[in-house]
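S.K.: Below is a structure I'd like to ask you about.
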Amino acid sequence: MTKRFRLAAALLAAAALFGPTAPAFATPPPTQCPSPPGTCQGNPKPPTEPDDPAPPAPPAPPAPKPTVDGWQGVVDTLGITEKPAPSGPMDPAFTPPDPVKPYPPTKQVIRVVIIGDSYMSGEGAGDYLNLKGVLAKALTRDINGNYVLPAGASWDDYIPDFSHRSVHAPALLALQALRTANPQVVIEVKFVAASGAETTNYWIPQSDNGRNNPAQRDAVTADADLVIMGFGGNDAKFGPLIEKALRSDNVQDLKNLMAQYAPLLAARADATEWADGQPDIVGNVYRLAQTITGRLTQIALDVHTRAPNAKILMATYPQGLRQDLTPIQFHGYIDKEESNELWKLAGNLDESMKRAQRLLVAHGVPASLVDLYGAFDGHELGVLDNYVNGLVVSLSDLGARMSTFNMVQQSGHPNREGTEAMARLYLPVIYQLLKAKFPTLRYPGFNLPFARPMQPNQPGIRPGYITKTTAKVDEYGDALIPVPAGSQPAGGGSHPVPPTGHYPMGPGEPYVPWFGDGGDYSGGQPCGGYEYDGVTWWWQDC
């Protein structure tokens, strides 16, 4: 049996628990609720065992929405203000935005907007906000195995939001760490990134199974201090490429599809890119640039117009695959040859983003870049300690939305460890950008391994290198690293004793960093770092 039919059989077997579904991996067109009214608009119920009695009826009238300690505290502490707005008959459970909060005059308010796609929303990490913008309490079972609602909850609290906004989204984790270290400030977040979003959905709403996510542009207002953006993967058809690899038995099919979308990732002359990258929108009619570089330029320029005092932080994509390594977490549906083809996508996307950032900086737009490409080094798919999901099937998503696409949308995305690794790279960059405007900010004194593990088989890396550090970090985000006596400059470095405040070198440089923050503040490449050759510590400066 070919893998295409094995995969279809596996998904359909799971789908059979819930009835008819849309075709696997195809985003269903907007439709009205096909199920009985009580299923879509009233009280969708979690899956039960075959012999379980029906779950108890929801309370009436609806009780106040629940909150939970822990991760819901992240939402509450950060003051996430962007709540879903009503979008049609399928979404009666939406709640309006909270009123503007009165903050004590002694508090500084930092306003952050997070826009983008699944890598910004935290897809794959779990603990997603529901349609009310709340992380619902976990369901429990009674002694008979029946689901029991927590006090004050209704079944509407368990309707999943197709945007899959997770409390473990990388930028949120970084902002929460910053907030914890700075009780003198309030960080308000408009968190509107959505799984599946293309650059198109910055300009116009995104629809999924009849539900709409408003245009992300609407969240960017003049009072923003920082706008964090990450788009492009869905323009380059990340989903269809994964689908092709999963369902086809011929790698040439995947190559042909990648060639079809290659023009979106092509490099063009700066003048051409800049001209094509000018925003062009009248009402709901807009023009998309011909490349992802141009489309990101359009968005950043519009952000700069709408929020002229905001810093703009662009985020690249992490590499979740390793060349010549079979991603075993896809259970044979993606082989090594297909993985090698898919491996090219992250690098090509990142180059498109870097071109856009360099172009913006050259024209005076305050756009910075956090390079996440190496965030999963040593933890790619195919490694047992992987930071990326393999094939994930979520029956609750299928049951709520009757869509096999939604059922598997967490596949190929960062897991909890992955979003935490990305957050470690976000944190010092966000800190540096905000500190320029809020000079009293303190850097969190984390005692975590910030450096990514170094693999002995990587080119240019010799045995004996430090693989991680628990060095503390000072208030400026610099490593406080005790260096043994006898440290020497290397490669013409200007510092005989390693100081703080320097950044790691990029891939391919002769010396390997063991502490890194992933920052790229001025459009140049990070540089500087420590190495250990088994005898002597060395310092390489820029």
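Positions of Cβ are set from backbone N, Cα and C atoms, glycine also.
Reproduced below are the annotations present in TrEMBL:
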type     : residues : note
ACT_SITE : S118     : active site, nucleophile
ACT_SITE : H413     : active site
COMPBIAS : 26-37    : compositional bias 'Pro residues'
COMPBIAS : 53-65    : compositional bias 'Pro residues'
COMPBIAS : 86-102   : compositional bias 'Pro residues'
REGION   : 21-102   : region 'Disordered'
SIGNAL   : 1-26     : signal peptide
S.K.: Between H413 (active site) and S118 (active site, nucleophile), how many Å separate their Cα atoms?
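M.R.: Each residue's Cα considered, H413 (active site) and S118 (active site, nucleophile) end up 8 Å apart.
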S.K.: Could you tell me which three-state DSSP class the residue listed as 'active site' falls into?
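M.R.: SS state of the residue listed as 'active site' = coil.
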S.K.: Inside 10 Å of the Cβ of H413 (active site), count up the other Cβ atoms and send me the figure.
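M.R.: Excluding its own Cβ, H413 (active site) sees 23 Cβ atoms within 10 Å.
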S.K.: Within 10 Å of the Cβ of S118 (active site, nucleophile), how many other Cβ atoms can be counted across all chains shown?
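M.R.: I count 28 other Cβ atoms within 10 Å of it.
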